[in-house]
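Worksheet: the structure to be examined is printed underneath.
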Amino acid sequence: MGLNDSSPGAMRNGRGLSDQWAESVVVRPRTTERHITVHKRLVLGFALSILTLIIVTAVAVALNVKFEDCGARDRDESTGEPSSRGPGGSAKLNGGRGERTGEKGDEEVVQPWRNSRLPGSVRPRHYDLRLAVYMDNFTFSGEVSIELECINATRFIVLHADRLEVCWRFVFAHSEDTNQMYVVALHREMKPMRVYRLNVSFDAAIEDELLGFFRSSYTMQRERRYLAVTQFSPIHARKAFPCFDEPVYKATFSLTLRHDPQYTSLSNMPVESSSLSDEDGWLTNHFARTPRMSTYYLAWAVCNFTYRETQTDSGVTIRLYARPDAILSGAGDYALHITKRLLGFYQDYFKVQYSLPKLDLLAVPKHPYAAMENWGLSVFVEQKILLDADVSSSSYQMELTMVVVHEICHQWFGDLVTPVWWEDVWLKEGFAHFFEYVGTDFLFPKWNMEKQRFLTDVLHEVMLLDGLSSSHPISQEVEQATDIDRVFDWIAYKKGAALIRMLANVMGQPLFQKGLNSLIIYATCVFDSALKAMHSEGRDIDIGEMMDRWTLQMGYPVVTISKNQSEQLPTYYITVSQEHFLYGEEVRKNNSLQLANPSPLQWQVPLTVAVGNTSAVCSESLIWINNKTETHRIGQMDDSTWLVGNINQTGYFRVNYDLQNWKLLIQQLHTNPQIISVGNRAGLIDDAFNLARAGYLPQGVPLQLIGYLPEETSFLPWHAASRALYQLDKLLDRTDEYRLFSDYVLKQVASRYHQMGWPTNGPGTEGNVLQASYQTEELQRELIMLACSFGNKQCHRQAVAYISDWISSNKNRIPPNIRDIVYCTGVSLMDEDVWEFIWMKFHSSNAVSEKKILLEALTCSDNTFLLNRLLNLSLTSDLVPEQDVIDVIIHVGRNPQGRNLAWRYFREKWDILNARYGEALFMNSKLISGVTEFLNTERELNELKEFILSSGVGAGPALPRALEIVEGNVRWHRLHRRQFYQWLRKPPTRRH
């Protein structure tokens, strides 16, 4: 089946290619070869002389391109069903189905490079890529031979290349810089259903940036050592070799790397053969042929790392490569151990074997992201894979674990099953993000991640973003390369995970798992096909109709539940309504006026409802809400009966109640909170604070609600409360009456903080999360953080004592799980000598987790001179790792004493920062949101507006979102701050 068109006309509702796949193509032996000679036709404009025309035409005929015609294949062979079988024995494991359709405009037929997408007239079947890597001057040269299949007759070969010096021998090639395309123009048309070969030579630099084929370095024994590694996702393979750099163009790859023998080279597949040159002694490694995959999953590295290895029961070799000193210290052993377990877990869960003979994990000092899931060669930044058990905290271990779980999941969802186009990237990232919690629960069941931390770290976090009018549907059109960064955001990752979790709860775990198995077997990472696969295994639910509402509409609903007060209906009926949740009454009003379609957004909502009283939960039921307002029978209720909707927050929506029900829930929490489940308690806290901030509830309701916290013994509700309180802290920490707020928080924290105390640091317990109850450790840490952050004097004294002991004895006795809190508190309270001491320790430490928290502690100083010095050093020297510069600026901005410094520094250095990080997904948006989220005055709002206008970057998604957040901060102060402080000054004598 052919690939015909990728024009915008083929797109529909942000789902353009969502049910269209390129068929699996099996590379077959070439038949008798014969040479076809074609020449270029040069068109001269205006009034050139006849003699000149004849001469130029003659030259064009002489300069021709030679193709190897692999012979016309048998017609039945070329159009039949794919016949390759994957390692698990299932057909079409690495392929897809469907074709690109649509009508091309006349200009795009004549000039296909005018389109932002490749035309689809030819597609690659195999790349033979040979590279020579020169680490002495950071350059590389290469040759690529691309075996092409002609789909539709064409005179043009259009492919991608960026920043490459390309040598097109005997070819008329035109560079289209806007779309990073090269166009090879032929005199004679290529014929459909024939296979050709295109040979290209090229040279390029190994860049000192974070994309394409880039270099990095580290220091060992006072010697600077270099390595080079690739980062091709999403559209940067074209920086390393000419290719068809769109995910639909899957092909196989044979890679050869030639380099100085002091280095080791790695790639997706194992080394098939090696040889040393007699002439220069250089090493040449030939890697085995890959399965069919997209260009952005190809990877290689040249380094002088060492490794540890293990092997799965099925014979897959797993190696972890890192700096020799890190390997020697055992810093990679933990990740290696859990990777082995995870490969077995995913094979059992998905019922599909891991497809490659090996899996390498590569820990690099510098990388734009936490990790990249290249098939068979996953690359991690050191902070996300190396673990020093003596100094790493439980939270650091948890974060590292989840990054590894995420990337190993991608070996199935992403590498094996790949989105055709970027509009469905949320599906692969959503699944991987969801499985961070499922896979971590497999490794450590007592952590209970999916039922607890998922709520606060995924659901609550993404709903903050998705409640903005500048949000977007999770599935959105991507027509050109500049749009791709829009789909790689937390809406794709976290909302995708939340919707998948909701779907799993609707279907039930066994049926959901069967649906996933079908999805992988048919290699369909396309949303429509995924839903069909799940629906075929599911209950009597139209999964497609339900999920379309959630994926094609932005945002989410707030569902309001009210007991029916009508005399005509008995008390076991409730009224349920839904509306689009947005922060701010003014925003909701303006948004409704600006909608082109005046009909409000509606969702198909799976609403679970629990009915309870002071002693027990009486009943639980599921209600499907399809309309704006509905009435449902729920069970017998009386004046003392309360309702809780969205049990354990399995649905992606907020729940509001009539004020009487809120009063009953608050009473229940104050008298016997354990009747309401842990997940529901966390959900009530998060919903109440955000409903109040958005203007749906009075400001006193969430403050009354958390009055029960002194009786709370579980980590999750405390974590939900602390996240909400830190959001308020950002708004209030520069106000005159801030002490009212901080005192109220400390009042809730004090009794539980003193009861839990501080952790001990006995022999053999350092950093080992498995030796203690995870939930207990995390609750203790949460309480200490709240106490120190809001000014508890005893907490401050303890932190200062720990720092003083460390300085005087030169032995760090601070428990690893709270070192970041102690370091930051000590730096903020103590003198400049302590800052210098932490700065010295930052440079001398070899443990990556320790370096991270030491660097963050330096941003906690109240001394603006030191903060300014740190900002300047971070960007203008090698003293701060390049990927940590953004974190330094953000953390200085989080410090009330450094907020103005960071905001000014960000604006002054924007051109430098944007040039360095602008192409790296997440980095720019992380920087913009991190620096601006604390701005909340009219002056700062005006400065942000001026910056957007003057910098010319207003079209990006991060700045409009930042502007809306700051506008919301200013609006909250104008509309709600007075009411908020009035409640704190005169709270009710009883909290219920």
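Placement of Cβ uses the backbone N, Cα and C atoms for every residue, glycine included.
On a predicted model such as this, the values are computed, not experimentally measured, just so you know.
Summarising the annotation, TrEMBL assigns transmembrane segment to 42-63.
What TrEMBL lists as region 'Disordered' is 72-109.
If you take every residue in the domain 'Aminopeptidase N-like N-terminal' (124-297) and average the pLDDT, you get 92. TrEMBL lists 124-297 with the feature domain 'Aminopeptidase N-like N-terminal'.
What TrEMBL lists as domain 'Peptidase M1 membrane alanine aminopeptidase' is 334-550.
Per TrEMBL, Zn(2+) binding site is recorded for His406, His410, Glu429. His406 (Zn(2+) binding site): 25 other CB atoms within 10 A of its CB, across all protein chains.
TrEMBL lists Glu407 with the feature active site, proton acceptor. Listed in sequence order, the residues of the same chain lying 6 or more apart from Glu407 (active site, proton acceptor) and placing their CB within less than 8 Å of its CB are Ala371, Met372, Glu373, Ser378, Phe380, Ala432.
The site 'Transition state stabilizer' annotation in TrEMBL covers Tyr493. Around Tyr493 (site 'Transition state stabilizer'), a 10 Å sphere centred on its CB holds 22 further CB atoms from the protein chains shown.
As annotated by TrEMBL, domain 'ERAP1-like C-terminal' applies to 642-964.
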Env. residues of Zn(2+) site, Cβ within 8 Å of mean position of His406, His410, Glu429 Cβ: Glu373, Glu407, Cys409, Phe413, Gly414, Lys428, Phe431, Ala432, His433, Phe435, Glu436, Tyr493
Separation of alpha carbons, Tyr493 (site 'Transition state stabilizer') and His410 (Zn(2+) binding site) (Å): 13
Cβ-Cβ distance under 8 Å to Glu429 (Zn(2+) binding site), same chain, at least six residues away: Phe488, Ala492, Tyr493, Gly496
Surrounding CB atoms that lie within 10 Å of the CB of His410 (Zn(2+) binding site), all protein chains: 24
